[in-house]
């Protein structure tokens, strides 16, 4: 009888441990990602260097716009930056409204009424 109880206790402990891990994971990595927020309502002109890899902020919460500073992780957004490599050295306009259809590049969406009416720091 004592062996069965020990086995049950061990099984209950393992189940509890799994719950603790899954609740921790859910807190840091939500299943439903947060929406991106409008960082700015105008694009930022940037000189990209050929061969260099960049991480464009997708969440809109970075203090180093248009690039990622890790805010998405610490604010538990469930979002990740867009990693891209510059094919050539050139000056480009990178999106900061986070509504572009051609990320990370600006496509003029920031001029739309929807973006212009939105508050900076608020989701669209």
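Cβ atoms are placed via backbone N, Cα and C, with glycine included.
Per TrEMBL, the features are as follows:
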- 41-75: domain 'Iron-binding zinc finger CDGSH type' (DOMAIN)
- 79-116: domain 'Iron-binding zinc finger CDGSH type' (DOMAIN)
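For the domain 'Iron-binding zinc finger CDGSH type' (41-75), the number of residues in each DSSP class (helix H, G, I; strand E, B; coil) is 4 helix, 10 strand, 21 coil. For the domain 'Iron-binding zinc finger CDGSH type' (41-75), the mean pLDDT of the prediction comes to 95. Secondary structure of the domain 'Iron-binding zinc finger CDGSH type' (79-116) per DSSP, as helix, strand and coil residue counts: 7 helix, 10 strand, 21 coil.
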